[in-house]
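Feature annotations, courtesy of Swiss-Prot:
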- Ser20: phosphoserine (MOD_RES)
- Ser23: phosphoserine (MOD_RES)
- Tyr25: phosphotyrosine (MOD_RES)
- Ser26: phosphoserine (MOD_RES)
- 1-26: region 'Disordered' (REGION)
- 178-198: transmembrane segment (TRANSMEM)
- 213-230: transmembrane segment (TRANSMEM)
- 242-264: transmembrane segment (TRANSMEM)
- 274-296: transmembrane segment (TRANSMEM)
- 313-333: transmembrane segment (TRANSMEM)
- 353-373: transmembrane segment (TRANSMEM)
- 394-414: transmembrane segment (TRANSMEM)
- 435-455: transmembrane segment (TRANSMEM)
- 466-486: transmembrane segment (TRANSMEM)
- 495-515: transmembrane segment (TRANSMEM)
Amino acid sequence: MKRFFSKLFSKSPTSGRVPSPDSDYSEEEQRLLAEENGYFQDSNEYVEPNIPAVYGSMIPVAQQLQQHHVHTPGESFADNASGYPVIKHELSELLRLGSPTVIAYLLQSSEQFSTVFTLGHLGKEYLAASSLSTMTAAISAFSIFQGVISSLDTLATQAFGANKPYNVAIYLQRCLLILAVLHIPVALIWLNLEHILIFLHQDPMVAHLCGRYMRVFILAAPGYAVFEALKRYLQAQGIFTPITYVLCFAAPLNILLNYLLVWHPTIGFGFLGAPVAVATTFWFQSICLILYICFSSTPIPWPGFSRQALKNLSPMLHFSFHGMLMIVTEWAAYEMTSLGAGYLGTAPLASQSILLTSTSLLFQIPFAFAVASSTRVGHLIGSGRANLARLCSRVAYSLALCISIFDGSLIFCFRDVWGSLFTSDPEVLAVVKDIFPILSLFIVTDGLNAVGGGLLRGTGKQYIGGLISIGSSYLFALPVTVFVVVYFNTGLKGIWCGMILSSVTAITCQFTVLFNTDWHRVLQEARHRLTHV
C-alpha cells in the first residue's frame, strides 16, 4: 500500500526509459523518417526538409527519390504511395495495435450482451426495459463521457509521439476532472428517469422498470468513466495488451454475477441484479488498471497529481466539446431508434434491443481498429511524420473495408439462429429475422464510419466530425426516415434503412475531408499545442 500511494501522489516523475512509439524502426530509419518531414526529435525543432526521403535498405534508391515529393491535398493515392514495404509496415502496425484491442472490445461488449441475454429470458417487458436503459445510459452519460475521453485520442497520442510522456499524465488528470463534474447532472437525470419516460409516452410498465434500473446504475457511471479514461491513457502510449488481460477476467466475472444476482434461487434478486452486476464489473476493471499503472514492471511515466492539471484547460475543453458533439450526436441518432421502436409496440422494441446489441457486438471489431488507427496517426503526427500519417490513414480505410465486409457476411449467414440466443418469443424472432439482411449492410457502412471518425480524432478534427454527424444524421437521414416510416408504414425496416443512409453520407464526407487534409498543417498545429501544455 505504501508503494501504491507513493507512486499515485508522487511529485517527481517516474524513472525509467520511455518506450518510443516507433521503436520498431532502427535508429537510422527513425532519423531519416524524421528528416523527411522536417522534424528532428533530438532538437525538438522544425526544419524545412532538404534531403531525399529514404527508408534505409527497405526501398530501392529510385523509389527513395520519388518519395521526397511533398504530398499536397487532392493527389491520388497512387502518387503518394511510399512503396510496398512501407505500406506493409503500416498495415502490420495497425494489426499489431488492433488485434489485442479487438479481443478487449469484444469482451467488453459481451458485458452488455450477457445483460440483454439474461433479462431477455425474464420476459419481453424486461427486455424492452433493458433496451431503454441501455439507450438512456448511452445518450445521457456514456456518449458524453466518451466525447470527453476522445480528447485523449488527439492530445495524449500526439504528446506521446513527441516524446512528452508526462504531458500525457496531465491530460489524463484534466480529463478525469471534467468527467467528475459531468457525473452530477447525469445522476440527477437518472434519479428522475421514470417520470421523464412517461412524459415521452413510453409504456408505463417499461418506464417503471427502466427507472428502477437506472437508479441502481448510478453506481456504475463513475466506474465506467474511470475505466475508459485509463484505458485510453494506456492506449495513447501504445499499451494495449494489459487492457485485454483485465477484460479477460472481467467478462467472465460479469457473466457469473449476472447469474448469481439475477437467476440464483438464494442470493439472486431478479431484474435489479443486472445493474448491480454491471456496476461491480466496471469498478473491478477500473481498480485493475489502477493497480497495473502503479505496479507494472513497464515504466509508465506518472508525475503524481499536479496543480498543472487545473491550468490551461482550454485545449482539453475544446477537444472535449467537439468530441462530445461528434459522439453524442452519433450515439443519440443510433439510440433514438429504440425510442422510435417504442412507438411501434413492445415486440418491435424488444426486437430492436436484440438488433442493437448484435450491431454493437460486431461493431467492436472495426472500432478496435479505429482506435488503433487514431493512436498510430497521433503518434506519427506527434513525432513529425506527416507523410506517413497520411499513408496510414489510407491503409486504415482499406483494412476497415475488409473487416466490415467480413462482419456483414457473418451476421447474414447466421440470421436464422441468432435471435434465438436472446429470446424464445416467436413474434420477436420473426421481426429480427426479417431485419437481418438490412442489418448486414448497415454493419459494413458503420465499420467504415467508425474508422473515419477515429482518423478525424487522431488528427484533431473532432469539430468537423461533429458537423458531419449532425448533417448526416439529423439534417438528412432523420427527415427521410420519419417520412418513410410514417407515410409508408415500413416499421423497423424503414428505421434501419435510414441508419444506412446516415452512415453512407457520413462516410462520404469523412473521406472527402481526410483525402484533402493538409497533413503538414496538422503537424504544425500539434506542435503548437505541445508547447502550451
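Glycine too: its Cβ is placed from the backbone N, Cα and C atoms.
Since this is a predicted model, take the numbers as computed values, not measurements.
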(message) Short question: most Cβ pairs under 8 Å with the transmembrane segment (435-455), which of 178-198, 274-296, 313-333, 353-373, 466-486?
(response) 353-373
(request) Check the transmembrane segment (274-296) against each of 242-264, 313-333, 353-373, 466-486, 495-515 and return whichever range has the most CB pairs under 8 Å. (result) 242-264
(message) Considering only Cβ pairs within less than 8 angstroms, which of the stretches 178-198, 213-230, 242-264, 394-414 has the most against the transmembrane segment (313-333)?
(response) 178-198
(request) Report, as numbers and ranges, which residues of the same chain sit near the transmembrane segment (213-230): CB under 8 Å and 6 or more residues beyond its ends. (result) 129-130, 133, 136-137, 141-142, 145-146, 149, 152, 172, 175-176, 179-180, 183, 186-187, 190-191, 193, 271-272, 274-276, 278-279, 282-283, 285-286, 289-290, 293
